[in-house]
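Colleague: Feature table excerpt (Swiss-Prot):
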TRANSMEM  5-25  transmembrane segment
TRANSMEM  37-57  transmembrane segment
TRANSMEM  66-86  transmembrane segment
TRANSMEM  91-111  transmembrane segment
TRANSMEM  161-181  transmembrane segment
DOMAIN    203-292  domain 'RCK C-terminal 1'
DOMAIN    293-377  domain 'RCK C-terminal 2'
TRANSMEM  386-406  transmembrane segment
TRANSMEM  409-429  transmembrane segment
TRANSMEM  452-472  transmembrane segment
TRANSMEM  477-497  transmembrane segment
TRANSMEM  506-526  transmembrane segment
TRANSMEM  539-559  transmembrane segment
Amino acid sequence: MNIDVASLLHQNDILLLFVVLAVGLSFGKIRFAKMQVGNSIGVLLTAILFGNAGFTFNTEALNIGFMLFIFCVGIEAGPNFFGIFFRDGKHYLLLALVVLLSAIAITLAMTHYLGLDIGLATGLMAGSLTATPVLVGAKDALNSGLSGISDPDIIKQTIDSLSVGYAMSYLMGLISLIFLAKLMPKLQKQDLAESSQQIARERGIGEVGQRKVYLPIIRAYRVGPELINWIDSRNLRELGIYRQTGCYIERIRRNGILANPDGDAILQEGDEIALVGYPDSHARLDPSFRNGKEVFDRDLLDLRIVEEEIVVKNDNISGKRLSELNLSEYGCFLNRVVRAQIEMPMDHNILLNKGDILQVSGEKSRVLGLAERIGFISIHSQIADLLAFCCFFIIGLLIGSITLAFGHVAFGLGSAAGLLIAGITLGFLRANHPTFGYVPQGALNMAKDLGLMVFMVGIGLSAGSNLFDSFAHIGPMVLVTSLMVSVIPVVLAYLFGAYVLKMNRALLFGAIIGARTCAPAMDMINEHARSTIPALGYAGTYAIANVLLTIAGTLIIIMN
């Protein structure tokens with residue numbers, strides 16, 4: 001039996017879609033030196049090759065891809081967006097604006113100088129900035145009629161040009177950004193590793209790699225004469241056992257009665273005490289605790305140690321420094337801090353935002369008490385609130401369909417901006433109401449990644465049919481322009497952040513990468529800095545940059 005694979009793919013669009021996805025994702029796993037091709041590039045290049053071979057797809061049917069992607073981006077940005085925008089994000093907002101406005105200026109200037117059509121120029125800008133939201137906003141402006149173009153053939157030609165420009169410039173944008181991240185600190189005689197260590201020393205930050213990856217343990221000891229001499233009539237607060245060792249006393253048994261001590265309690269000879277702490281903390285205890293006096297008793301040791309993810313929600317906590325939580329008073333241990341899916345360094349001076357996730361371990365009742373003070377414990381359910389997801393998706397589409405008329409000029413946000421606003425709102429409400437709009441992070445990641453990959457298939461198939469012909473005519477101009485759009489905004493943002501805002505170089509580079517929304521480059525920066533300190537800057541600009549880039553893509557098309 002002979003199977004004509006090409007004919008089968010031409011006849012079955014769904015089969016073609018998933019074949020391109022499977023081949024592209026496999027290609028994305030290939031590594032060159034230390035750099036992985038990545039899913040986006042793998043799928044895009046594969047789709048271009050299939051498009052060049054004559055395979056086509058109704059790209060309108062793939063619009064659900066960019067809609068899912070931009071809606072999920074909004075949900076992720078929602079918990080931190082308003083905190084960054086209104087409180088501590090002045091530097092990050094300015095850096096994002098420097099990158100975006102300079103990129104727009106260069107794009108428009110080169111469009112005029114080289115005579116490029118606006119579709120090609122906008123796609124070139126999106127690819128050069130490795131910013132898919134720009135492409136999403138631009139394509140939506142064309143499809144929704146916001147561009148003012150009514151001729152379907154011109155709209156299709158412009159969308160094809162978008163795809164060609166993006167496909168030509170994406171790889172150049174990614175490689176040049178990574179190259180800049182390595183080269184610029186050396187040219188400025190700045191070592192990212194040293195800059196990271198400087199922040200760590202100034203703020204007392206513990207690196208993520210040094211955090212505990214196991215739960216605290218419980219051990220019990222009997223108070224003997226040696227320990228009484230060491231205590232010297234001091235109460236537990238004055239002894240400061242937690243400050244010295246990292247252990248705290250959870251229970252005391254005195255005369256057969258179990259009690260939870262407070263800071264005023266004074267230990268007496270014969271008391272049996274249960275201490276909670278990491279193994280290395282127990283090892284730091286004074287020998288008077290341990291030498292032959294350990295107690296093995298079920299009632300004394302019957303404590304439930306848990307690890308929970310606490311979401312910051314309460315207004316009286318948002319805006320405070322991590323050190324102000326005084327976790328030691330609650331007998332809890334902080335394992336990590338996560339913001340916008342980025343694991344942050346253990347910086348006790350970091351300002352907490354609503355939606356931040358604190359992974360905390362300790363005795364169950366203490367962790368629950370801390371969660372009540374800070375916010376709420378993240379739901380462990382794997383079931384998504386699909387009703388809220390669908391309702392806010394509908395709201396986003398409705399917002400995008402609203403147009404305002406000023407005489408003969410009509411203006412609207414478009415589906416991309418509408419879905420982004422709805423997603424941000426859902427994410428913000430989720431951070432404030434634990435049972436509303438819950439979407440497991442794994443499900444959110446899958447929806448976002450699948451949406452992006454489906455969108456990339458549409459872009460690649462659309463561009464592939466005439467990409468190589470276009471490259472033969474305008475390829476060198478596009479590559480030069482792409483390099484300018486990629487490099488110049490980064491250099492300007494670096495100079496602005498370093499000499500005007502006086503930012504630490506590690507934080508500055510993280511913020512610039514966040515303004516470019518380029519996760520692969522962020523991994524390279526962390527590796528180059530031998531630290532996760534740059535993630536502090538990345539999280540600061542990432543959320544707001546996604547919003548600005550989407551709006552920018554729409555505005556560029558409308559203005560032309």
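Any Cβ shown, glycine's included, is placed from N, Cα and C.
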Colleague: At least three Cβ pairs under 8 Å linking the transmembrane segment (539-559) and the transmembrane segment (37-57), pairs spaced 6 or more in sequence?
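Modeller: The answer is no, given that the two segments have fewer than 3 Cβ pairs within the 8 Å cut-off.
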Colleague: If you count Cβ pairs under 8 Å, which stretch among 37-57, 91-111, 161-181, 386-406 touches the transmembrane segment (477-497) the most?
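Modeller: Answer is 91-111, with the largest number of Cβ pairs below 8 Å.
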Colleague: Within the same chain, where does the transmembrane segment (161-181) have neighbours whose Cβ lies under 8 angstroms from its own Cβ atoms, ignoring anything closer than 6 residues to its ends? I mean 6 or more beyond.
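Modeller: Those are 35, 38, 40-41, 44, 48, 117, 119-130, 135, 138-139, 142, 458-460, 462-464, 466-467, 470-471, 475, 478-479, 481-483, 485-487, 490-491, 509, 513, 516, 518, 520-521, 524-525, 528, in sequence order.
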Colleague: Please spell out the DSSP helix, strand and coil residue counts for the domain 'RCK C-terminal 1' (203-292).
Modeller: 29 helix, 23 strand, 38 coil
Colleague: When you scan the chain for residues with a C-beta under 8 Å from the transmembrane segment (37-57), skipping those not six or more beyond its ends, what do you find?
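Modeller: 9-10, 13, 16-17, 20-21, 23-31, 132, 167, 170-171, 174, 449, 452-453, 456-465, 467-468, 520.
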Colleague: Go through the chain and flag residues at least 6 beyond the ends of the transmembrane segment (386-406) whose CB is under 8 A from any CB in it; none is fine as an answer.
Modeller: 67, 71, 74, 140, 144, 146, 412-423, 425-426, 436-437, 439
Colleague: Looking only at the domain 'RCK C-terminal 2' (293-377), what are its DSSP counts of helix, strand and coil residues?
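Modeller: Each residue of the domain 'RCK C-terminal 2' (293-377) counted once, the result is 23 helix, 34 strand, 28 coil.
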